[in-house]
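Annotation source TrEMBL lists active site, for sulfotransferase activity at K100. As annotated by TrEMBL, 3'-phosphoadenylyl sulfate binding site applies to K100, G101, G102, T103, R104, R183, S191, Y293, K309, G310, R311, I312, H313. The disulfide bond annotation in TrEMBL covers C294-C304. The domain 'Sulfotransferase' annotation in TrEMBL covers 91-335.
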Amino acid sequence: MLFKQQAWLRQKLLVLGSLAVGSLLYLVARVGSLDRLQPICPIEGRLGGARSQAEFPLRALQFKRGLLHEFRKGNASKEQVRLHDLVQQLPKAIIIGVRKGGTRALLEMLNLHPAVVKASQEIHFFDNDENYGKGIEWYRKKMPFSYPQQITIEKSPAYFITEEVPERIYKMNSSIKLLIIVREPTTRAISDYTQVLEGKERKNKTYYKFEKLAIDPNTCEVNTKYKAVRTSIYTKHLERWLKYFPIEQFHVVDGDRLITEPLPELQLVEKFLNLPPRISQYNLYFNATRGFYCLRFNIIFNKCLAGSKGRIHPEVDPSVITKLRKFFHPFNQKFYQITGRTL
């Protein structure tokens, strides 16, 4: 009798165990199907065209970080491109400047957003006559592969200060979104000088001190012929762009704040581009060794900016810094009145 009861109990436990395993397998399969169906990034905004209701499933993010990388390296066939509905799109937003303002950092940080695909290299299409002469299709083929619903963004800082560029971009897309990232003008000018100085030193060449370039020795006034100074007169360049584009198509990013508090600046850009908020504090972590925020795409893939970022600036005569800041002040005030952003 006892033996029969034990046998019955074992049979009952086996049945219950089978039901539990079956239920678990069903849940795993169900979660997997939801994973494929659940949209993660609906594109609700309008970027120079009709409102898109397309959505990004989780699988798309895998392709964005993995498969799209293979396409950029040229390792994909035309059939693979067709199967995954990938295209090379003209940019719907361009970071037009300024040099040494933080254009690379901004581009890399925006690339954290699953709806954004960046051009890895500076194309220099609109500011280079030879490249521009190759035509718009040449430019398009320089763009990365992306899904039709994603936004392609490129950056070329020389665009902001090159006279022909606003008209050329207007002819391509009169409703394009334009991003300008600026820093305090004197700091930006010194950073500009520091990059050139480092290049000279690598070639064992001598170079003038910043003070000698920034101040005209004959007048003892600010040397506006010095390119690093001219570039920092932001309002002069912006006025040329405003002949073609309304101010609503520009967004000014505070490059100094992007260094110390990147998330609020990135959230403002998401809003400007009509993107759903996806970049969070999880994606940004401070690297004490580098002194900069690095990027976290997921638990596996992290990225820091190149070691050339954050160069130590040479010491500059305080009286020269004071003179430059006084010189830039009225231009800064006008820039604030136009854009609503202080420096």
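Glycine is no exception: its Cβ is also placed from the backbone N, Cα and C atoms.
Not measured: the values here are computed from a predicted model.
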- Cβ-based isolation winner (fewest other Cβ atoms within 10 Å) among the recorded positions K100, H313: H313
- Query: Expressed to the nearest Å, what is the distance separating S191 (3'-phosphoadenylyl sulfate binding site) and C294 (disulfide bond) at their Cα atoms?
  - Reply: 20
- Query: How does the model score the domain 'Sulfotransferase' (91-335) in terms of mean pLDDT?
  - Reply: 95
- Across every protein chain in view, the count of C-beta atoms other than its own within 10 A of the C-beta of C294 (disulfide bond) is 16
- Query: Say you check the Cα of H313 (3'-phosphoadenylyl sulfate binding site) against those of the recorded positions K100, C294, C304; which is nearest?
  - Reply: K100
- Which one of these binding-site residues has the most other Cβ atoms within 10 Å of its own Cβ: G102, R104, S191, R311? G102
- Rounded to an integer, what is the Cα-Cα distance in Å between K100 (active site, for sulfotransferase activity) and R311 (3'-phosphoadenylyl sulfate binding site)? 11
- Item | Surrounding CB atoms that lie within 10 Å of the CB of C304 (disulfide bond), all protein chains | 15
